[in-house]
Amino acid sequence: MSPAPDAAPAPASISLFDLSADAPVFQGLSLVSHAPGEALARAPRTSCSGSGERESPERKLLQGPMDISEKLFCSTCDQTFQNHQEQREHYKLDWHRFNLKQRLKDKPLLSALDFEKQSSTGDLSSISGSEDSDSASEEDLQTLDRERATFEKLSRPPGFYPHRVLFQNAQGQFLYAYRCVLGPHQDPPEEAELLLQNLQSRGPRDCVVLMAAAGHFAGAIFQGREVVTHKTFHRYTVRAKRGTAQGLRDARGGPSHSAGANLRRYNEATLYKDVRDLLAGPSWAKALEEAGTILLRAPRSGRSLFFGGKGAPLQRGDPRLWDIPLATRRPTFQELQRVLHKLTTLHVYEEDPREAVRLHSPQTHWKTVREERKKPTEEEIRKICRDEKEALGQNEESPKQGSGSEGEDGFQVELELVELTVGTLDLCESEVLPKRRRRKRNKKEKSRDQEAGAHRTLLQQTQEEEPSTQSSQAVAAPLGPLLDEAKAPGQPELWNALLAACRAGDVGVLKLQLAPSPADPRVLSLLSAPLGSGGFTLLHAAAAAGRGSVVRLLLEAGADPTVQDSRARPPYTVAADKSTRNEFRRFMEKNPDAYDYNKAQVPGPLTPEMEARQATRKREQKAARRQREEQQQRQQEQEEREREEQRRFAALSDREKRALAAERRLAAQLGAPTSPIPDSAIVNTRRCWSCGASLQGLTPFHYLDFSFCSTRCLQDHRRQAGRPSS
C-alpha cells in the first residue's frame, strides 16, 4: 500500500486592511480562470444540449457517427472525462444537478463559466428562473432562500469556491478573496478590471453588517475595520428546546393562546418595531444609503425585518447587498466583528490551490492503467450458447454409449451409500455441564436428567476421538472397548466392568470388583485413569451421573479427586447435584490430609454437626412455611365468609334489616342470648345499610336510623327511597 499523500499546504492569511495599495502581493495582479483539466473548465460554450439552441461544434465532434461511444461522457453538461472518478465527481456538482433541473423544466441550461459567475456573485435569482427581481414580497423571499439552499451545497469539486475569486500576482502567488468585499454585483460576465481595482483598494471602506436570528438582532457600521456604531436587541420569541419562532409556529397551524405564546408574539412585534425604528433613524439610514457593501444574515422567516412592508430599510435588488457566505453563530457584536475579519482576509498560496487540493484529495487514486478485456459481441455469445447446448447433448448420450462398452472393457463402477451422523454436542458447553434450572422438579425427573446428562457427556468425549469418516454404527458402538484400546490396553474386561458400574450406580458390582484385591495396583491405576482425550476419570463419570454412593466408594477405594480433565475441571466441579458434591465434603472431613483439596476445588469439610444444623434449619423452614400457608388459608376463608355475609345482608329488605337490628338491640339491653338469625349466615349485623360492608372499626354516616360506610352509599340509599339528598 502506498503511503498517504501529504496534506495540502496551508495558505498565508493577510487582512486587506493591513495591506497598502503598492504591496508586493498586489503587483502584476490578474484574474485567474479555472485550471484546465477540471470538470468545470472544460465547457467553452454558453448553452448545453436540451436548451433548444444550436449544439456546439465540440459536441458534434464528440458525437461523431451514431455508434456506442466508449468515452466517459455527460450528455446533459456536454462533458468528457478521463476516468470514472472524474465522472463521479462531476455528477456530484451543483452545476450538473442544476442543469438536470433546468432540463426537466424545459429551461435553458448554463455552461460551467456562466454557472460559476452566477453562484460566485450570489445572483441566484437568475439561476432560479425568477423574472420579477424587483418584487419584495415574502413569497419571492422564500423562493430565493429555497433556491439558495438547493444550489449552494458543499458537494463541490476540490478547490472550487463559488463565493471567492482567484487572482495571481507577478510573483506567481495565488490570492483567494471573497467576492462580497470586492464591490457590488455586476451583470455577467464580470469585468476583471473592476475586481482588480476593488481588491487593490483593500476592501470596502464603508460597510454595514446586519444579522438576525431567533429573537436576536445585531448591526454595526464599519469604516474599514473601525466601528462607527453598533446596536443589538434580544427578545424572547422562541420557545426553549423547540427552536421555532412563534410566528412561524402560528403560520403552520392553529395559534396557541397560552401565556407564553402571547408573550412571544408581543416580543416579535416589539423586535420588529425596534429594528425598523433603528434602521430608519438618521444615522443608520444615512449609513445604509452611503455604504458600498451591505452584508446580511437572516433566516427565511426573519427577513421581514429588512424586506417588505412600508418603509423597508433594504431592497432586494440592491447590488450592494450580499448574503454572508459563512457559517455564523448567534448574532452578537463580537460575531459581527468576526464575520468582517473573516471576509476581509486574503489567502495567499504559493501554488495553484485548485490543483493542490485535487492532488492531495483522499478521493484521488493513482492506478496503473491496464488494458480492459474486450467484451464479446452478440454473435460470439450465440456461438458460446450453441457450443454449451451441444456439450450438454453429448453428456446426455454418453451414458447410453457407455452401457455398450461396459461389457467390452469389463469395468464396472460400484456405488456405496454411507450414512454419516454428524454430532454437534461438542459445540454446546451446556451438554457437558448442564445449567441449574430455577424451576423445582421432583426427584424422579432429576435422576432421569442426571443419568441422561452423564451419558451425553461421555458420548461427547467419544465423538471427539472418532475421525469424521466413521459411520453411524461406529458412533453408536459401546464406549468401553474404544477407551480400552486408547487408555487401558491389556485389561478391557476390568475397565468395562468398572465403567458400567459407575454409569449405572451399581454399588454391588463395584464392591465385588474392588473387594477381592483392594491393593491390586492394576485396579488402583484404573481408578484415576483418564477416559479418552477428554481426560474424564471414573470419578468424573460417577459425579457427572449424580451417583453419590459410587463417588463415596471410589474415594474410599483410592480414586484421586485432584485429577483434572482436559478442560482443567476436577470431579467436584462436574457433579450433577448438591448431594453428590456433599460426598466429596464428607470424605474431606474424614480424611483431611489425604489430598490437596484446594486443587480438587472442594470448598470445605461437611461434619455431622453441620448436617444436623442444616436438617434442623430445613425442618424449621418447612414448619414455618406450613404455618404460613395455613394462616393464609384461614384468612382467605374468613374473607370469603365476610363477602358472603355482605352479599346476604345487602339482599335483605329494609324491613328485615330493621327487625334484625331491633332484635340485636333488645338482646343487648336484656343481656340475653339472641335468637338464631335466619340462614345463620349473617354474623355481624352492624353493617352498611346499602352495600352490606362491615362497619367494625369505622365511623359510620347516619341519617334517620340508617348507617352507611360512605357518603356514596348514603346518597344511593336516599335516591332509592325517593328522598332528596339535600
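Backbone N, Cα and C define each Cβ position, glycine as well.
Noted from Swiss-Prot: of SER75, SER258, SER579, SER653, the annotation phosphoserine belongs to SER258. Among SER517, SER675, the residue that Swiss-Prot annotates as phosphoserine is SER675. In Swiss-Prot, the entry for phosphoserine among SER33, SER525, SER533 corresponds to SER533.
Cross-referencing 264-276, 485-497, 654-666, 706-718 with Swiss-Prot places the feature region 'VCP/p97-interacting motif (VIM)' at 654-666. Between the stretches 354-404, 609-659, Swiss-Prot puts its coiled coil entry on 609-659. For the residues SER301, SER472, SER680, SER690, Swiss-Prot attaches the annotation phosphoserine to SER680, which does not rule out the feature elsewhere.
Residue with the densest Cβ environment among the recorded positions GLN246, SER258, SER533: GLN246, by other Cβ atoms within 10 Å. Taking GLN246, SER258, THR607 as the recorded positions under consideration, the smallest Cα distance to SER533 (phosphoserine) is found for THR607.
Confidence over the domain 'VLRF1' (203-346), given as mean pLDDT on the 0 to 100 scale, stands at 85. On a Cα basis, GLN246 (active site) lies 12 Å away from SER258 (phosphoserine). Taken through DSSP, the compositional bias 'Basic and acidic residues' (610-656) splits into 45 helix, 0 strand, 2 coil. For the pair formed by GLN246 (active site) and THR607 (phosphothreonine), distance between Cα atoms is given as 81 Å, rounded to the nearest Å. When secondary structure is read from DSSP and collapsed to three states, SER258 (phosphoserine) falls in the coil class. Here the zinc finger (72-96) has, by DSSP, the following mix of helix, strand and coil residues: 11 helix, 6 strand, 8 coil.
For the recorded site, THR607 (phosphothreonine), the DSSP three-state label reads coil.
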